[in-house]
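S.K.: Here it is, the structure, as structure tokens.
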Amino acid sequence: MGRTLKPPLDLVLAWQTDAYPHGVRRDHTLLILATVFSAIAFIFVLVRLTARLGIQRNPGLDDLFIVPALISTIGMNVCIAYTSRHGFDRHVWDLTPQMAVDLRKFTFSISFLYIWGTGLTKISVLFFYRRLTGSLPMPFLYAVYASLFYVSAYLVTFTISLGLTCNPVYAYWKQVDFIWAAANATKFKCIDEGATLIATNAISITQDFLACTMPALLLWNLQVSKRQKIAMSALLGVSIFPCVAVILRFIYLYRAAYTTYDIPWEMFPSWIWTLIEANVGLLCASVPALRVFFKRTLQISFQRSRSEEKDSGPM
């Protein structure tokens, strides 16, 4: 995005003519997705914590990390929802200078929250694998520890990298104000932002596939009933979806970063897949605990029904 943030002057002037469509707006897809995903994610994590703290009374580090993961993910959802009607719904030539600056501030926040939301979710999943230590082969356990180190290093590295994209930091959003950028050309410096985003996504892809393939390899040799294997296979099938989403996000992100100057408009599909990847990953991380909650709920409901039948029986 380093190049695509600095369009040539003749193109900027051409944007003001009738050769480019003005007043066109995207639909409410991002707003709807962000709102629905936030509600579902909150419910899933709430039910998960109820199951672990109230029913099993056996919380673990996976539950501890899922809470900040939820906060980061919902924060990202809110930012995307807001900008979906205040910048990312229109072409770059329909942005005012102040709107462009504000949009960059939100982009910075979304990038930070995405890194931490998805990263903490993966750490939570890895700690869930660690909970199974009694039945895990040692090579798998070592792989879990190696993956924890890998994801933690990713979080630290790309958080620092995001903060160092521009010097000073506020140049990250001020540079899109052409008047400010021209007046302060020698007072700030920014690296190729697109390269950092592509690297972040490329590494995220490897992490997602590690998280998906590790339990698949374990399941292959696990001595459990056929019914349990089918249930676990179904869960793994759902968890592959975030892996597909991050690849599609990568494709659209690359297109916006290196093939166009109309970044707000072209980032729209990338934001859709960002929402899907981050939120579905969070939901998948909470699925195992939901089984405990619903099993307990059904037991209580069944016992209550039996009790009512006895009370209303023949006198």
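Including glycine, each Cβ sits where the backbone N, Cα and C put it.
OK, TrEMBL features for this one:
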DOMAIN    47-296  domain 'Rhodopsin'
TRANSMEM  30-51  transmembrane segment
TRANSMEM  63-83  transmembrane segment
TRANSMEM  106-128  transmembrane segment
TRANSMEM  140-164  transmembrane segment
TRANSMEM  202-222  transmembrane segment
TRANSMEM  234-252  transmembrane segment
TRANSMEM  272-294  transmembrane segment
S.K.: Quickly jot the same-chain residues contacting the transmembrane segment (272-294) by Cβ under 8 Å, restricted to those at least six beyond its ends, or write none.
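M.R.: Distant contacts of the transmembrane segment (272-294): 29-30, 33-34, 37-38, 40-41, 44-45, 47-48, 50-52, 55-56, 62-63, 66, 69-70, 73, 76-77, 80, 110, 114, 117-118, 121-122, 124-125, 128, 208, 235, 238-239, 241-242, 245-246, 248-249, 252.
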S.K.: With the transmembrane segment (63-83) as the reference, which stretch in 30-51, 106-128, 140-164 has the largest tally of C-beta pairs below 8 Å?
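M.R.: Stretch with maximum Cβ contacts: 106-128.
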S.K.: For the domain 'Rhodopsin' (47-296), report the average pLDDT of the model, please.
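M.R.: Here the predicted model's pLDDT, averaged over the domain 'Rhodopsin' (47-296), is 86.
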